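Asks: The following block contains the structure, expressed as structure tokens.
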Amino acid sequence: MNIVNFINRFPDESSCVEFIKNQRLQQGVICKRCYCNKHYWLENKKSFQCSACSFRTSIKSGTVMENSNLPIRIWMLAITFISATKKGFSAAELQRQLGLKRYEPVFRMYHKFRVVMGKRDNIYRLEEMVEYDEAFVGKAVSNKTKNKLKQGRGSQKQSKVAVMAESTVLEDLDSGKLEKSCRYFKMKKIKNLEAKTAQVLIKEFIDKDTVLQTDKYHLLRSE
């Protein structure tokens, strides 16, 4: 969904509340007190009331929006901004696009998104054809110590990150050539480049029947 579609579908806060309410009712609201799954909607409180014990559950409770004073429409608009672009979207840019005066609520919002996406990502395992490699990401180092650090591959100025990419072969409609296309990938910060470290990640994130591809640097044989 792009921004224009979002504005047309959700023109105000009430339309966003109605959408989230219906989504929660469809998935089922469970009472935290008695675990009953039958609730009534209280429009003036924007909450669900348990039919058994009258305990109230706010519309944001149990979601990424819990304990936030920001309107639901702001949350949904933020999700649309982040998901509608392939490039990175900083918290500062998100603050500007949302028209919010304070940076801190946006930063906390962005952090919650990352935590939730990370938890969801752990549910899935890569399969079929997977390529494994390492990347080196630069990190902040003071001028006082940077000249004393190790250079080259495995430099102390860089963090080591394992990259596992699930790919599939697709046919180019114009040329007819077969080309590999990345579907999903996982990244994990690692302490070293040893084979044992790679083997642990492979067992954790990659399906056992997967065809694994690596470069000559990796020694991924089992001992």
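From the backbone N, Cα and C atoms, a Cβ is placed for every residue, glycine too.
Pulled these from TrEMBL:
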type: DOMAIN; residues: 11-54; note: domain 'Transposase zinc-ribbon'
type: DOMAIN; residues: 126-217; note: domain 'ISXO2-like transposase'
Asks: Any residues 6+ beyond the ends of the domain 'Transposase zinc-ribbon' (11-54) with a Cβ under 8 Å from its own?
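Replies: Contacts with the domain 'Transposase zinc-ribbon' (11-54): 63, 71-73, 76.
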Asks: Looking only at the domain 'Transposase zinc-ribbon' (11-54), what are its DSSP counts of helix, strand and coil residues?
Replies: 15 helix, 8 strand, 21 coil
Asks: Mean pLDDT over the domain 'ISXO2-like transposase' (126-217): what is the value?
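Replies: Mean pLDDT, the domain 'ISXO2-like transposase' (126-217): 76.
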